[in-house]
Structure formats: structure tokens, C-alpha cells
Amino acid sequence: MENSEGVKIESTVVTEEPLISALDIALFVVIITVAYFWYFKRDKQSSSSEKKPYTIQPSSLSSIEQTSNSSFIKKLKSTGRSLVVFYGSQTGTAEEFAGRIAKEGARYKMKGMVAVPEECDMADLVEMKEIQKSLAIFCIATYGERDPTDNAMDFYEWLQNGDADLEGLNYAVFGLGNKTYEHYNEIAIYIDQRLEELGATRVHEIGLGDDDANIEDDFVSWKEKLWESVCSHYGIEETGEESNIRQYKLVDCSEVLPERIFSGEISRLKSYENQRFPFDVKNPYLSKIAVNRELHKSGDRSCMHIEFDIDGSKMRYDTGDHVAVYPKNSSELVDKIGELLNADLDAVFSLLNTDEESSKKHPFPCPCTYRTALTYYLDITSNPRTHIMKELIEYASDPKDQEKLKLMASSTPEGKKEFHEWILRDNRNIVHILEDLPSVKPDLDHLCELLPRLQCRYYSISSSPKVYPKSIHITAVLVNYTTPTNRVNKGVATNLLAQLIPTNDELPQPTIPIYIRRSQFRLPPKSQTPIIMIGPGTGLAPFRGFIQERDYARKEGREIGEMVLYFGCRKKDEDFIYENELQEYVANGTLTKLHLAFSRDQPEKKYVTHLLEQNADELWNIIGEKSGHLYVCGDARSMAKDVHSIIVKVVMEKGQMTNSQALNYVKKMEQQKRYSADVWS
């Protein structure tokens with residue numbers, strides 16, 4: 001016979017009395033099985049416990065806390081809180097807004113906490129009515145065209161598929177979106193409507209923030225009216241107490257052993273020295289730069305072709321996916337902050353949450369040096385928001401500087417105008433503010449608390465795993481521009497990548513942390529399906545992967561459908577990227593047609609949209625008569641919108657439809673994943 005592990009057990013039969021009875025054997029098997037599982041369970045727990053000192057809670061309700069306290073309701077009840085602010089964030093802005101709302105709750109006698117939907121049992125929303133004067137606020141971003149953020153995906157699906165009775169739940173929603181995208185704030189709008197459908201009570205109307213304009217202004221205006229509605233709904237009054245109390249306290253860590261100090265890791269201490277699969281947003285893979293070459297032939301701009309080595313990482317990607325790159329700030333800017341504040345950047349410190357009940361103990365991995373925090377963890381190059389202006393006021397010794405900060409921190413029309421012109425239009429970051437307001441000398445630890453987290457940058461993968469299973473390719477334009485104050489601002493990630501040039505094999509190759517983010521931007525399941533790809537500039541990136549994949553299928557002897565590419569750039573002799581590759585694909589038949597628009601090679605500018613209008617018959621033949629797929633990648637602000645309008649017009653004219661019918665036809669294409677966009681603003 002066999003035991004539970006498939007190991008044969010032999011028994012010897014004697015004529016008198018068996019030496020080992022069947023019962024003995026059965027008991028023996030049970031004992032061995034129990035011992036086996038006990039040993040490996042203990043080993044697993046031991047390994048898990050060994051990791052705990054090396055991790056940091058990157059979000060407000062950690063998975064570790066859930067083990068002992070799986071319900072945010074229990075957390076609210078045990079700590080006497082009535083306000084919970086959930087956030088769905090991809091870049092950190094929604095998380096920041098959620099924190100500000102929770103903090104302000106104290107002014108209205110509503111003790112608040114911040115929570116992440118993916119780390120909570122959202123079904124417990126039905127129990128919110130058990131807490132007196134309770135309120136749930138949702139700060140929810142729409143990612144890309146119409147997707148929830150990663151940490152709100154489960155909650156979104158729960159709302160779609162569930163039918164919970166949310167009567168007694170009081171709520172409000174603020175959405176973060178971008179008007180350059182067709183489906184503006186769609187996820188927040190859906191959540192707001194769905195909560196009401198399930199019986200919840202809307203305390204205040206939904207707020208819609210536009211990141212293409214001034215999302216800070218949108219948020220502040222909504223937040224002020226929110227608290228008015230809250231006071232009216234609950235019959236309460238503002239206490240008048242200011243809410244700019246420190247959330248974290250400074251801890252001197254000069255005595256901490258060097259091996260216990262973070263040096264840039266995202267979550268687990270020494271994670272870059274001891275890499276462990278699987279790799280994700282909290283555990284990126286330290287990839288070697290295998291190739292870094294210039295794609296532009298001439299001119300004053302730069303476009304890089306970069307290949308990340310993933311051999312041995314067990315990482316897998318699909319054509320159309322994105323790769324996230326973790327950047328670091330330039331040492332020049334970091335040193336400038338130290339100089340302006342007369343601070344020792346190499347001092348080791350930690351910021352500890354003053355709320356002992358909070359599971360988010362630190363704002364970023366601690367302990368670390370100020371240099372590490374400013375280099376790897378904090379965003380020092382973006383435009384600071386108004387709440388930072390407010391917190392800087394107390395550090396201004398010059399009355400003029402103080403008045404300027406007060407004005408920009410206010411919600412008056414004059415204050416909003418000043419903030420828009422001095423911060424946003426002139427593109428000032430925290431370094432510029434400290435330079436231009438020389439009397440402002442904040443404590444460095446407080447500044448570290450105020451600044452938002454440095455976020456990873458996403459790039460469309462420009463390769464196919466069928467052709468390049470051991471590397472990931474990206475196509476990135478180097479970002480450098482002069483601001484109205486004659487300062488040169490540099491893209492954090494692209495300027496770092498530009499410096500990572502591979503050397504000969506004898507020297508260590510440059511590395512950078514990465515992970516793969518799955519995308520819905522996919523080739524049709526059948527290789528015979530015809531497709532149209534529209535990708536000017538670096539919008540070509542994912543289509544390079546598409547073409548490689550179809551070319552691989554062709555070489556395997558499989559039938560492939562028509563592939564039509566629309567590509568545009570400024571000048572053929574300057575920025576026609578991957579020209580030789582594309583011409584080769586045309587020559588071997590993989591690429592059926594290549595439509596090119598060089599906007600500045602003739603007196604009148606010529607764009608891909610002009611070519612689309614000229615080729616209406618070809619467009620309709622593929623997307624109408626042959627039920628093909630259409631893909632758009634690139635600028636969302638103008639190009640993607642213009643393409644959408646042209647497609648609707650073509651469907652009207654060639655499909656003989658009314659405007660309403662054509663819009664419905666295109667919408668159905670989107671629902672069927674026959675019209676896909678991978679765009680950015």
C-alpha cells in the first residue's frame with residue numbers, strides 16, 4: 001500500500017501472529033503525516049517571523065494586522081473613531097488627500113483613520129451604522145482609461161458583483177482623474193452611484209479632481225464644502241482648532257547598527273542584497289541595464305532604447321504590459337536642501353507615528369539617513385501642494401515670506417491665483433521655494449514628513465517575450481526643460497536612466513529596481529485578426545512588441561492578419577526611431593502598411609491624424625468589414641481625442657450611420673476590447 005506521500009510500505013506476513021498489525025501501520029502513517037505537516041508549518045512560521053523586523057508597513061492597514069484584527073470596524077470601535085477614509089491610489093495623491101481629510105476630522109470631533117481597500121474586508125461596511133455619527137470617505141483615482149487602481153480593484157469588483165445592504169452607511173466620494181482621458185473619473189463616479197444603490201446615504205456630493213488642470217484646487221474646494229455638509233448632517237460645529245499637528249515624531253537613531261539602517265529599499269531591509277521572488281511593487285527586482293543606446297539620429301532631443309536584464313528573475317511579462325522603474329533624486333538637489341537648511345544629511349533618524357494605534361508606523365522605510373530619505377523616498381521635484389505652504393508658515397522669519405505663504409495657503413481667489421502663478425506656472429519645487437524664500441528654514445524631519453513619497457515611473461514595454469524572454473525593452477524620451485524662472489528641471493527617472501550606461505563585461509553593470517505591471521493593452525487572441533496601430537513618437541513602443549510577436553508567429557508558419565501602423569515624428573532624419581526595424585518588417589510582409597507623418601519636413605505640419613482622414617476606406621475595411629482591432633498609444637491631451645473623433649466620423653460616413661449610431665458602434669468596440677488606448681497626458 002501507499003501512505004499519503006505515495007511511499008510504498010511493505011509488510012511481512014507470518015503464519016502465526018503478525019509482527020505489525022494493520023492498526024499499527026495505520027497509526028504509524030497518521031503519526032508520520034501529522035509530524036510532517038507540523039514540522040513544515042513551524043518552519044514556515046519561523047521563516048515568516050524572521051522577516052518581521054525587516055519590513056515596514058507601506059500602507060495604513062497592513063496584512064499582518066489583519067491576521068489579528070481583520071475588520072476595520074473593530075479598529076474604529078476599539079480606538080473610539082468614527083471616520084474612516086479609504087483611498088485607491090496609483091501615484092500617491094489619493095493617499096495624501098485621504099490623510100489630510102482624516103487629520104482634519106479632529107476639528108469636527110471626528111477622530112479619523114486612513115485605510116486601503118485591498119487590505120480591508122469591505123463587506124464590513126454594513127456594520128458602519130453601529131458606530132454613532134460614523135462616516136466613510138472614499139478618495140478614489142481612475143487609472144488609465146477606465147481602470148481602478150491596483151489597491152482598489154477588489155473593492156470595485158465587490159461592488160459590481162455583490163448586493164450588500166448598506167443602509168445606515170454615511171459616505172462621500174472624491175475622485176481623482178484627468179479630463180484628457182475619455183472616461184474621466186469613471187471609477188469614482190461608479191462607486192458613488194453604486195453605494196447609493198446599495199442603500200448608503202450620500203452626505204456630500206461627489207468631488208471630481210482634474211489632474212490636467214489643478215487637482216489641488218479641486219480638492220480643497222470640495223473639502224471645504226464637505227465639512228459644511230458634515231456639520232449640517234450630524235448637527236456638529238467646527239472646534240476651530242488647527243489641524244497642522246505633527247503626525248510623526250522624530251526619533252534619534254544614531255546608535256542603531258548599520259545593518260539595521262535602510263539605504264533605499266522599498267520595503268524589506270537588505271532586499272537588494274538578498275533578492276527573493278516574487279517581485280512586485282513592494283519587492284522590485286534589481287535589474288542590470290543590458291543596453292542603453294540613443295535612438296535619435298540628430299537634433300537637441302534624446303530618446304533612449306533601454307533593455308533591462310531579467311534573466312534568472314523568474315519574471316514574466318506579456319506584450320503590451322508596463323514596466324515600473326524606481327528612480328532616485330539627483331544628488332545635486334539633495335545636497336542643495338542640506339545646504340539651504342544647514343542640516344547633516346548623514347544623520348540617522350526615524351519618524352514614528354504619534355498615533356500608537358495606527359498600523360502605519362513610518363511614512364517611509366525607517367531608520368535611514370536624511371540623505372537616503374531625500375534620495376529614494378521623497379518627491380522633491382514636483383510642485384508642492386497648498387497644505388505644505390501652510391505648514392511652512394511657522395518656519396518663516398521674514399514677515400514678507402510669511403505673508404506670501406499665508407496667501408498661497410488660503411482658499412481665497414487671490415490666494416489661488418498666487419499659488420497657481422508662483423508654484424504651478426513657474427514650476428517651483430521645494431528646492432526652488434527654499435531658495436526664493438530664504439527666511440523659510442523648516443526642520444528637516446518635518447519637511448520629510450510633509451513631502452509626498454517618490455513614486456515609480458511606468459513605461460510601455462517595447463518588446464515581445466516570445467522574442468526577448470530574458471529582457472524587457474523600453475523607449476524613453478529624456479525630459480529636460482527650462483522653467484519661467486530660468487531653472488532647468490530634469491525628469492527624475494529619464495535623467496537617471498541616461499546615466500546608466502553598460503560597460504564591458506569585466507566591470508559591474510549599472511542596475512535599477514523594476515517590476516512588471518499587467519496591462520489590458522493586448523493583441524487579439526487570434527493571430528489572423530487584422531489590426532491598426534496608431535503611435536506617434538514614443539507611442540510606437542508597445543507596437544514594436546506587437547510587431548515582434550506577429551513576426552515570430554509568421555516565422556513559425558502561422559497565418560497572421562494585416563498589420564497597419566501609423567507613426568509620426570518631427571523630422572525623418574532626426575527622430576524616426578526604429579526606422580530600419582520597421583522597414584525590415586515591411587519588406588518581409590509582417591507589417592502590411594506603414595503610414596508615416598513627419599510634421600516638420602514640409603511647410604505645413606503633417607500629423608498621423610491627417611493620414612487617418614485620408615485613409616478612411618482602409619480604416620473602415622479593417623474595423624468595420626473585417627471586425628479588426630484598433631490601438632492608440634501616445635498623448636491623451638490632443639492626439640488620442642482627435643483619433644477618436646476621426647474614427648467616429650469614418651464609421652458614420654463609411655458605415656452609413658448617424659452620429660449616435662457611430663458613437664454606439666465605437667463604444668461597443670471599446671467594450672469588446674477592439675478599440676484600446678494606452679495614453680498619457
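Note: Cβ is positioned from N, Cα and C throughout, glycine not excepted.
TrEMBL annotations: computationally assigned, not manually curated.
Feature annotations, reproduced from TrEMBL:
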| type | residues | note |
| --- | --- | --- |
| TRANSMEM | 20-39 | transmembrane segment |
| DOMAIN | 83-227 | domain 'Flavodoxin-like' |
| BINDING | 89-94, 141-144, 176-185, ASP211 | FMN binding site |
| DOMAIN | 282-524 | domain 'FAD-binding FR-type' |
| BINDING | ARG301, THR538, SER599, ARG600, LYS605, LYS606, TYR607, VAL608, THR609, ASP642 | NADP(+) binding site |
| BINDING | ARG457, TYR458, TYR459, SER460, THR475, ALA476, VAL477, TYR481, GLY491, VAL492, ALA493, THR494, TRP680 | FAD binding site |
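Structure coloured by features recorded in TrEMBL.
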residue	record	contacts (Cβ under 8 Å, 6+ apart)
SER89	FMN binding site	GLU95, ALA98, CYS139, ALA141, THR149, ASN151, LEU176
ARG301	NADP(+) binding site	VAL477, LEU478, ASP575
THR475	FAD binding site	LEU295, CYS303, MET304, HIS305, ILE306, TYR459, SER460, SER462, THR538, LEU540, ALA541, ARG544, ILE577
GLY491	FAD binding site	LEU478, VAL479, ASN480
ALA493	FAD binding site	VAL325, PRO327, ARG457, ALA476
LYS605	NADP(+) binding site	SER599
TYR607	NADP(+) binding site	PRO536, GLY568, ALA597, SER599, MET639
TRP680	FAD binding site	GLY634, ASP635, ALA636
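Counting residues of the domain 'Flavodoxin-like' (83-227) by DSSP class, helix then strand then coil, yields 65 helix, 35 strand, 45 coil.
Cβ contacts within 10 Å of THR609 (NADP(+) binding site), excluding its own Cβ and spanning all protein chains shown: 20. A sphere of 10 angstroms centred on the C-beta of VAL477 (FAD binding site) encloses 17 other C-beta atoms. Taking a C-beta cut-off of under 8 Å and a sequence gap of six or more, GLY92 (FMN binding site) has these contacts in its own chain: ASP379, PRO452, ARG453, GLN455.
Fewest other C-beta atoms within 10 angstroms, among the binding-site residues ASN178, SER599, are seen around SER599. Of all the binding-site residues given, namely TYR181, TYR184, TYR459, the one with the smallest number of surrounding CB atoms inside 10 A is TYR184.
In the predicted model, the domain 'FAD-binding FR-type' (282-524) has a mean pLDDT of 96. Its Cβ placed at the centre, ARG457 (FAD binding site) has 20 other Cβ atoms within 10 Å. The binding-site residues listed here are ALA141, GLY144; among them, ALA141 has the most other Cβ atoms within 10 Å of its own Cβ. For the pair TYR181 (FMN binding site) and THR609 (NADP(+) binding site), the C-alpha distance works out to 18 angstrom. Cα-Cα distance from GLY144 (FMN binding site) to THR609 (NADP(+) binding site): 22 Å (rounded to the nearest whole number). The two recorded residues ASN178 (FMN binding site) and THR609 (NADP(+) binding site) have their Cα atoms spaced 22 Å from each other.
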